[in-house]
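Take a look at the structure set out below.
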Amino acid sequence: MLLDKLSRPLKVLRISLTDRCNLRCNFCMPPGKEYNFLPKRQLLTPEEIEEYVKIFAKLGVEKVRLTGGEPLLREDLEEIIQRISKVEGIKDIALTTNGVFLKERLKALKEAGLKRITVSVHSLNPEKNQKLVNRSVNLGEVFEVIIRAKELGFKVKVNSVIIKGFNDDEILDLARFFKNLGVTLRFIEYMDVGTVNDWDFSKVVSADEILNLMKKEFTFYPLPKRPEDTSMDFIYEDGNKFGIIASVTKPFCRGCNRIRLSADGKLYTCLFSDKGHDLRNAVDKENFIKEVWKDRKDRYSELRRQMKRERKVEMFKVGG
């Protein structure tokens, strides 16, 4: 088994398929229209992705999550999923999306081998949502596609980043809404990923604050948590679930078994990394991956208060 310096195994590969997105969420994407995104010719091809996934599977990876940017901007997404689904050792393929372009491609994604979908929804209020994503989004259509995905047999979850003073007044509304839909909602503490989001700890709504608020309206119980789980999960009395990803106040670095591959072929051993490792141009890719992982000692979230405010990779380049 391939282990890093803290004896953590490599089990999950997150692939950013593009750094582009149709939205401009304040906590993720650069503002304005002039940002110099990667030219399409520099993006990993389906053939390259398949080649790399085969190597990662050989080294112990069992799960692949496709992210962005917005992965549905890739016209060859279905081909990519189909290729990954045929790789021996890969047990699960998931997709993270804002859901805007999902409706027309659900069936094809299912046929290609996609098993799980996570949709990002940060507000139920159209005006407030527009302030966050800086685009007009038909939330009704996003909710409809979530329901449709569930009907087609996808395992569906919703992620909501909670920011103090912005959408923390919607915590119970979000919980109530997705509980009624029978969809697992995961609240995410506002994180200091990258440098474009003007992050400050005062904007963080902690897991404890969320739980104390939830207890005022709902009865629920904690579910067992494995060291590698990112989410603290809870079950309501009716069997529906919700979770909290508390990277800021309750770090889970010690169990982190994930590596990230950017859209142009660079490996990042942590969401908060300040540099990537160029897999694309490595001659012996298998040994390159081994050495990168063996040398890994990241635990940024555990050391956040001790770390310097150095420039970190932006979220839209490596996925959340």
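Quick reminder: no glycine exception, Cβ is built from N, Cα and C everywhere.
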Residue among R8, R14 sharing the GTP site, where Swiss-Prot lists R65, T96, K157, R258, I259, R260 as binders: R14
Those binding-site residues of R65, C253, I259 having Cα within 10 angstroms of S120 (S-adenosyl-L-methionine binding site): none
Listed in sequence order, residues with CB under 8 A of R258 (GTP binding site) and six or more positions away: K11, V12, L13, R14
Alpha-carbon distance [C253 ([4Fe-4S] cluster 2 binding site); R65 (GTP binding site)] in Å: 19
Lowest local Cβ density (other Cβ within 10 Å) among binding-site residues: M191, C253, C270: C253
Segment confidence, the domain 'Radical SAM core' (5-222), expressed as mean pLDDT: 93
Residues that sit under 8 angstroms from I259 (GTP binding site) by C-beta distance, when 6+ apart in the chain: L10, V12, L13, R14, F56, V61, L267, Y268, T269, V292, W293
